[in-house]
Amino acid sequence: MDVMNFLLNLVVPPAGLLMLAFAWPSLAFFRACEWALRIIYGEDMEGKVVIITGASSGIGEQIAYQYAKRRANLVLVARREHRLRSIREKARTLGAKNVLVIAADVVKEEDCKRFIDETINQYGHLDHLVNNAGLGHSFLFEEASDTSGFAHMMDINFWGSVYPTFFALPHLRRRNGRIIVNASVEGWLPMPRMSLYNAAKAAVVSFYETLRIEIGGAIDITIATPGWIESDMTRGRFMTEEGEVLFKEEPREMYVGPYPVAYTEECARTIVSGACKGQRYVRFPMWYNVFFLYRVFVPDLLDWTYRLLFLNHFITTASKDHTLHDFKGARKKLLITPTSLQLLHHQQHQSPKSSE
């Protein structure tokens with residue numbers, strides 16, 4: 001080891017801790033003042049322009065409704081245009097001044113440029129960009145039959161946020177706008193059976209934290225890390241080991257396991273409220289924060305917990321028989337599941353065997 005790094009190893013750790021001890025009280029005070037001001041003076045979204053990707057269902061749909069209640073002008077982006085039309089009508093009844101629907105695929109760079117350009121042509125400016133589109137998977141990395149679907153996971157979960165951001169930056173800069181990105185709790189929590197998804201979301205978190213430093217205060221960035229929320233993913237929409245995107249009950253049960261699933265509307269309300277108050281991070285539900293402490297201080301215990309919950313014999317056996325809700329530790333699963341998912345579960349388990 002060279003002399004310089006040897007000296008830095010001796011000096012930097014104690015000096016850094018000493019500086020933190022002196023700086024923390026002042027930093028905590030300023031943060032408290034900042035929090036109070038944000039509560040009082042939240043951003044008024046009336047008449048402002050908001051683009052929302054992945055707006056055809058789940059969190060994206062509910063985020064659209066939350067902005068509609070704040071009387072914003074909306075641009076709804078997704079591949080399923082027929083779904084966007086019905087969401088547009090509801091958004092109008094909730095208070096949205098104007099709603100533009102654009103069918104586009106965020107994995108295609110030209111589509112991302114197109115919906116940014118169409119937004120500017122329609123409204124003349126852009127205030128908020130909400131990058132929400134995403135796709136999960138539920139298989140162990142070693143279970144993948146080939147690598148054909150790997151790139152698509154990165155395309156939709158990482159590039160699907162980066163492409164719109166690239167084309168929107170000049171317009172957001174002119175309005176001192178804001179980027180809101182759904183990075184998911186898996187961006188920092190290593191959930192088993194989702195290695196590719198976790199990696200993509202971790203890249204999202206790192207990208208936007210770095211971008212925040214690069215652009216300074218010209219554009220604000222809110223990174224949302226929601227946990228299990230009722231959505232297409234918690235209803236069983238995953239990429240399979242073969243690279244196909246399907247709705248399947250079995251992987252949903254293996255993936256979600258005994259975790260409680262929160263309501264989408266409440267999650268969206270928290271994200272939009274946090275963004276309008278200028279929060280750098282929005283975490284929902286808050287109880288997931290305890291896992292961050294585990295990750296930092298006792299990572300071995302976190303690893304053991306996940307193996308117990310997601311990789312043991314009971315889950316593997318139960319998922320094959322569609323009976324995960326009966327395995328030990330998850331017997332009351334339906335009691336902590338939103339109504340929409342309870343109904344889905346009931347329909348799937350009450351269907352006649354001839355249809356299976």
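Glycine is treated like the rest: Cβ placed from N, Cα and C.
Within 10 Å of the C-beta of Tyr197 (active site, proton acceptor) there are 26 other C-beta atoms, taking all protein chains into account. Feature annotation from Swiss-Prot assigns active site, proton acceptor to Tyr197.
Sequence-distant contacts of Arg79 (NADP(+) binding site), defined by Cβ-Cβ distance under 8 angstroms and a gap of at least six in the same chain, are Ser56, Ala103, Ala104, Asp105. As annotated by Swiss-Prot, NADP(+) binding site applies to 54-85, 197-201, with the evidence given as similarity to another entry.
Under the three-state DSSP scheme, Ser184 (substrate binding site) falls in the coil class. The annotation substrate binding site is assigned in Swiss-Prot to Ser184 on the grounds of similarity to another entry.
Taken from Swiss-Prot, the feature motif 'Proline-knob' applies to 13-26. Confidence over the motif 'Proline-knob' (13-26), given as mean pLDDT on the 0 to 100 scale, stands at 90.
Residues annotated as transmembrane segment in Swiss-Prot, with sequence analysis given as evidence: 10-30.
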Based on DSSP, tally up the residues of the motif 'Proline-knob' (13-26) by helix, strand and coil. 14 helix, 0 strand, 0 coil
For Gly54 (NADP(+) binding site), write down the residues of its own chain that are at least 6 apart in sequence and whose Cβ falls under 8 Å from its Cβ; none is a fine answer. Gly60, Val77, Ala78, Val106, Asn132, Ala133, Gly134, Asn182
Sequence-ordered list of residues in the chain of Lys69 (NADP(+) binding site) that lie 6 or more positions away and have a Cβ within less than 8 Å of its Cβ, or none, is Leu94, Gly95
